[in-house]
Amino acid sequence: MLGMNMLLITLFLLLPLSMLKGEPWEGCLHCTHTTWSGNIMTKTLLYHTYYECAGTCLGTCTHNQTTYSVCDPGRGQPYVCYDPKSSPGTWFEIHVGSKEGDLLNQTKVFPSGKDVVSLYFDVCQIVSMGSLFPVIFSSMEYYSSCHKNRYAHPACSTDSPVTTCWDCTTWSTNQQSLGPIMLTKIPLEPDCKTSTCNSVNLTILEPDQPIWTTGLKAPLGARVSGEEIGPGAYVYLYIIKKTRTRSTQQFRVFESFYEHVNQKLPEPPPLASNLFAQLAENIASSLHVASCYVCGGMNMGDQWPWEARELMPQDNFTLTASSLEPAPSSQSIWFLKTSIIGKFCIARWGKAFTDPVGELTCLGQQYYNETLGKTLWRGKSNNSESPHPSPFSRFPSLNHSWYQLEAPNTWQAPSGLYWICGPQAYRQLPAKWSGACVLGTIRPSFFLMPLKQGEALGYPIYDETKRKSKRGITIGDWKDNEWPPERIIQYYGPATWAEDGMWGYRTPVYMLNRIIRLQAVLEIITNETAGALNLLAQQATKMRNVIYQNRLALDYLLAQEEGVCGKFNLTNCCLELDDEGKVIKEITAKIQKLAHIPVQTWKG
């Protein structure tokens with residue numbers, strides 16, 4: 001089963017491959033393929049984030065500090081790399097105070113043969129984070145003293161004032177190291193900011209020593225001025241060497257929120273616009289599913305994100321009379337969530353082709369050579385043989401275009417198929433299109449989740465069909481000496497009275513039993529009433545969330561017109577929906593506690 005996302009890493013250095021089953025294969029060369037991006041040939045590592053190996057699992061391979069599982073699908077197919085995981089690495093960390101103290105800095109040690117490790121920190125920063133003595137310097141003049149020596153050294157003892165211990169300096173920025181650590185002053189600009197003006201580079205000269213694995217707790221004194229005995233501080237630095245694994249980041253994170261939101265999104269065509277509710281309804285209706293969630297990613301515009309898949313020659317694509325002919329002319333564009341890697345691309349560039357439609361990274365490329373004036377194929381090399389029959393052989397209107405990309409054509413995709421060109425998909429390409437495309441299918445980017453799994457999501461999900469279980473009135477499930485309210489009601493039944501209505505006809509024991517039963521009835525009625533109020537409170541909370549979400553959506557869509565208030569020019573535009581559900585639940589809990597009677601026994 002192919003994964004949902006295929007990612008790529010471009011290689012510039014090929015490493016020797018050790019084909020030892022069960023051991024890491026350095027470089028993952030068996031998953032490295034020749035690809036074409038425009039006219040540039042590169043070596044690309046192809047892997048799947050989600051993949052189910054139906055063949056033989058061969059072990060793992062390693063590339064760029066990342067470990068991949070390797071699958072042999074069999075039947076002569078190439079190996080598949082999947083399930084990327086960050087390889088364990090060695091890290092040096094500096095903490096303030098203790099091993100569990102604030103992390104001052106960290107660095108990863110790469111197996112590059114270097115015999116030293118460097119970390120940097122700011123003297124003013126460590127003083128403000130963990131000084132054992134009062135810091136008597138806090139002016140900006142102190143923070144900006146970047147032209148003077150910065151000291152950091154073991155103090156004589158924890159009981160001595162810092163200013164009396166400078167003669168026992170072991171590590172400092174103005175003398176040669178006498179131990180396993182060397183300190184170096186980092187020159188900075190005069191207009192530096194707070195906690196960046198007094199930076200020190202701490203170099204670990206022998207990182208392979210066992211002392212770093214257990215950790216070194218170094219008592220350090222710190223001061224800025226090295227010209228005279230001046231104010232200082234006393235802190236502990238804890239330096240430790242760890243082996244740990246960081247999760248592999250698969251997707252780029254926005255470095256600047258404002259940079260991202262200020263980017264203009266392409267205007268979606270009317271045919272591509274869709275509401276999520278309508279799409280979810282269509283999905284449920286088409287797939288005949290119920291009692292599940294239709295889930296998808298964040299939608300930044302008013303169109304649903306789409307996913308693409310290339311149509312392969314061996315795919316069992318149902319050919320009908322309508323699919324053999326081009327689809328009705330349409331200039332609609334579908335914006336794809338991810339880009340795919342094409343195996344049978346068509347590509348052309350040149351002065352005669354002026355309408356760029358997008359670029360694909362391709363394993364195989366049928367391209368138009370403008371210099372030679374003819375269409376050629378290139379795969380692993382420029383001299384590769386073109387596939388036969390052509391991938392377009394099933395479509396008469398496109399088959400001749402595979403061999404003559406420069407020939408005039410309407411470039412309309414067959415019914416049910418699309419031209420996939422990088423991050424866009426088209427029903428019809430422009431007459432003078434330029435770029436690299438494949439023929440394939442697209443579908444909305446969504447997945448289905450059963451209701452039970454939905455309860456594990458991060459945001460609270462309210463199940464309309466599920467109610468809090470309550471104690472039912474059962475018979476014979478109690479111990480002989482236990483009398484909860486339900487058993488009292490079941491045993492005694494309702495009270496009966498004499499025909500003349502005089503209570504004196506009943507014995508005191510009978511009346512006592514009636515009071516006990518009334519007490520039990522009161523508790524059960526209270527619990528049922530409290531349960532009903534809690535349901536109303538939950539419903540009010542859900543309505544409040546829906547109203548806020550709708551208002552947020554309206555303000556987003558009308559952002560250019562200053563939201564709903566600006567659109568309708570409202571002077572008093574307020575939205576206040578207090579969530580009193582928690583208060584109601586607290587009140588009902590007090591009522592239930594007041595009416596509750598513990599299970600009675602014959603002994604009290």
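Note that the numbers count up from 1, one per residue, in the order the chain is shown.
Positions of Cβ are set from backbone N, Cα and C atoms, glycine also.
Residues annotated as N-linked glycosylation site in Swiss-Prot, with sequence analysis given as evidence: Asn64, Asn105, Asn201, Asn316, Asn369, Asn382, Asn399, Asn527, Asn569. Per Swiss-Prot, motif 'CXXC' is recorded for 165-168, and the stated evidence type is similarity to another entry. According to Swiss-Prot, the feature motif 'CKS-17' maps to 548-564, an assignment based on similarity to another entry. The annotation motif 'CX6CC' is assigned in Swiss-Prot to 565-574 on the grounds of similarity to another entry. As annotated by Swiss-Prot, signal peptide applies to 1-22.
Projection of Swiss-Prot feature records onto the structure.
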| residue | record | DSSP (3 states) |
| --- | --- | --- |
| Asn64 | N-linked glycosylation site | coil |
| Asn105 | N-linked glycosylation site | strand |
| Asn201 | N-linked glycosylation site | strand |
| Asn316 | N-linked glycosylation site | coil |
| Asn369 | N-linked glycosylation site | strand |
| Asn399 | N-linked glycosylation site | helix |
| Asn527 | N-linked glycosylation site | helix |
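Here the C-alpha separation of Asn316 (N-linked glycosylation site) and Asn399 (N-linked glycosylation site) works out to 18 Å. Here the Cα atom of Asn105 (N-linked glycosylation site) is found 54 Å from that of Asn369 (N-linked glycosylation site). Comparing Asn64 (N-linked glycosylation site) with Asn399 (N-linked glycosylation site), their Cα atoms are 42 Å apart once rounded. Within the set of glycosylation sites Asn201, Asn369, Asn399, the entry lying nearest in space to Asn527 (N-linked glycosylation site) is Asn201 (CA atoms). Most buried of the glycosylation sites Asn201, Asn527, judged by other Cβ atoms within 10 Å, is Asn527. In this structure the C-alpha atoms belonging to Asn369 (N-linked glycosylation site) and Asn399 (N-linked glycosylation site) are separated by 19 Å. All protein chains included, Asn316 (N-linked glycosylation site) registers 5 other Cβ atoms within 10 Å of its own Cβ. For the pair Asn201 (N-linked glycosylation site) and Asn399 (N-linked glycosylation site), the Cα-Cα distance reads 65 Å. Of all the glycosylation sites given, namely Asn105, Asn369, the one with the smallest number of surrounding CB atoms inside 10 A is Asn105.
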